[in-house]
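Feature list (source: TrEMBL):
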type: DOMAIN; residues: 64-314; note: domain 'G-protein coupled receptors family 1 profile'
type: TRANSMEM; residues: 46-72; note: transmembrane segment
type: TRANSMEM; residues: 84-109; note: transmembrane segment
type: TRANSMEM; residues: 115-142; note: transmembrane segment
type: TRANSMEM; residues: 163-184; note: transmembrane segment
type: TRANSMEM; residues: 226-248; note: transmembrane segment
type: TRANSMEM; residues: 260-283; note: transmembrane segment
type: TRANSMEM; residues: 295-316; note: transmembrane segment
Amino acid sequence: MSYLTFTYIIIVHTSAQACVQLQSLCNHLAESTLPSLIKFHLVCFIHFYTTPVLVMVYLATLFGNLLVILIISTNHRLQTPMYICIATLAVIDLLSSTNIIPQIVAVLLDSTATSYGLCLFQMLLVYYLEAVESLLLAVMACDRYVAVVHPLRYPSLITNKTAWMAVTLLHFSMALFLVPYVLYVTELSFCDTNILNYCFCDYITTVKIACNEETKYLLMVSTTSIVFGVCPFALILLSYFRIAYAALKISSADGKRKVFNTLITHLLVVGLFNIPLVTSYILTGTGVTLSAEAYNTMVIIGNIVPPMFNPIIYSFRNKEIKNSIHRLLTGVKNVTRNE
């Protein structure tokens, strides 16, 4: 078993254990703060006939990201900083989709009730994964910037150790990021209604139905959205601008075309993730009223569409990944023939 394969087994196992521990914490907080065991009822502003589409999106996301993890973890040639980040992104996308899409489908199938502890767990995991992915995309943009603009210094500046340290630091810093949300959400009390006009448990929607004065709770959303959404997105734009500027100096027209095609596709998927989420969180956090349908749509698009396209944009367009898939399929065919 390769070192990278072993490392990813540890990461997936640790992520699963962290989710279990987070859910246990949420259940404990729910019991200590709300002994009456409040249940929320989710109301999703999505038509029932979108259920098959959501199921197909989920299956495509699972297949694409699991394939990326399998290929990178078992191929020694792909044990590089860029692919370490891509495989980490695939793990995050798997967790994010699994946290959200099954819940939406359940609500559309009339299973709308959820306990306070489970709801708290889901909303914290949503914000955690969104923040980690936002920062990871910025790290990946910086990696490409160094590779293109400073290629001679890249091997000494960006190493596997550097990549693992960056990924580990992201997860630990985002664990601290959850602390104010945990403290604030456990202060909430509910008087009039327990109906959430949302497809899954969400911090802002929960604050809106609470009896507490909402200003300080929503202000935190705007602040964290700027820190973990706007700032990384600005860094991504700056990195890609510098890459584009460097690409203009390439003499080969084909080389320029490849660089700009890559930049455009990356920016599209990054924008599809950042813009809907940051816009909805900042607007709502600053007191701008969005309809339930608009808020649902913006946040759901930002959470379920990019995880499906990330494997295609970041992995399956790469020559190394294509060759690995070809070798994998060839091996499967040979085994089948031998049998």
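Placed from the backbone N, Cα and C atoms, the Cβ positions cover glycine too.
Beyond the transmembrane segment (295-316), the same-chain residues lying 6 or more positions past its ends with a Cβ under 8 Å from any Cβ of the stretch are 44-46, 54, 57-58, 60-61, 64-65, 67-68, 71, 86, 89-90, 93-94, 96-97, 100-101, 104, 126, 130, 140, 197-199, 202, 204-205, 265-266, 268-269, 272-277, 279-280, 284, 322, 325.
Comparing 84-109, 163-184, 260-283 for CB pairs under 8 angstroms to the transmembrane segment (46-72), the maximum falls on 84-109.
Remote same-chain partners of the transmembrane segment (84-109), defined as residues 6 or more beyond its termini with a Cβ less than 8 Å from a stretch Cβ, comprise 4, 8, 11-12, 15, 19, 42-44, 46, 48, 50-51, 54-55, 57-58, 61-62, 64-66, 68-69, 72-73, 122, 125-126, 129-130, 132-133, 136-137, 139-140, 143, 160, 163-164, 166-167, 199-201, 300, 303-304, 306-308, 310-311, 314-315. Residues 7, 25, 29, 81, 84-85, 88, 123-124, 127-128, 131-132, 135-136, 139, 143, 203, 216-217, 220, 224, 228 of the same chain lie 6+ residues outside the transmembrane segment (163-184) yet bring a C-beta within less than 8 angstroms of a C-beta in it. Non-local neighbours of the transmembrane segment (260-283) in the same chain are 130, 133-134, 137, 141, 204, 221-222, 225-226, 229-230, 232-233, 236-237, 240, 243-244, 247, 290, 294-295, 298-299, 301-303, 305-306, 309-310, 313-314, 317; each lies 6+ residues outside the stretch with a CB under 8 Å from one of its CB atoms.
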